[in-house]
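Here the structure comes first, spelled out in structure tokens, and everything after it is commentary.
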């Protein structure tokens, strides 16, 4: 019965939205006291951090499945101690969350791309990567594909991580809670760089990260009756809803993980002495 109710809600209560262009229409600044700005008639969004405060924004819409793309250019120079977070999240103690976090570093040392997935309030699914380019020199596209089959993280179209729906094996998967997009730039020098050994150099402030070219092919969740968001408004393209990782994608993930992955919770036996999480051992 619960699954039937879920499918019925899914049918009547979202529309497929294709969004691209004006960041004013898609996002609202949520904190930072003027440190976050939407510029150039909505084409560019910047977040800044100084010793007094960071800043952040969130999407105006909530989504329940989608393919989300955003171009980011990260804090240049000595970014040690700073974190630029870009993620999907629901609210509450048993929230779901899909995370990109970019951990700053000393000038000349690489950023760390930190990824994580929370289901029903439980995370601890970290994978970390170096990037194969300097993410501060130009904009690069960071994407999340989230559909009922899997979650796929990609960078410039190259998949770096897949989290499959293994509910049939007892692994929870985010599928019932709508999520907003959030992003923030904040000081985390107690842990972000070399475990907190390297602190933020405030003489380099303000630190700035930039965003542009947001694109969402996504199911927008509406908490109302949803009568205007029924099947009378079909999507022109829902191919992402059934998209899965093909052989080429799997090969690219393997290449990234072989050459650029620096931490994988699925191989951290010291952290999980009672046994690795079940999704790590299911073929």
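Glycine residues also receive a Cβ, built from the backbone N, Cα and C atoms like all the rest.
Less than 8 angstroms from the CB of residue 97 (active site, nucleophile) sit 87, 88, 89, 90, 116, 117, 118, 123, 174, 179, each of them six or more residues away in the same chain. Here TrEMBL flags 97 as active site, nucleophile.
The feature active site, proton donor is assigned by TrEMBL to 101. Sequence-distant contacts (6 or more apart, same chain, Cβ under 8 Å) of residue 101 (active site, proton donor) comprise 83, 84, 85, 86, 87, 113, 114, 115, 116.
The domain 'GH16' annotation in TrEMBL covers 17-211.
Cβ environment of residue 105 (N-linked glycosylation site): 79, 80, 111, 112, 193, 198 lie under 8 Å away, each six or more residues apart in the same chain. Summarising the annotation, TrEMBL assigns N-linked glycosylation site to 105.
Marked as signal peptide by TrEMBL: 1-20.
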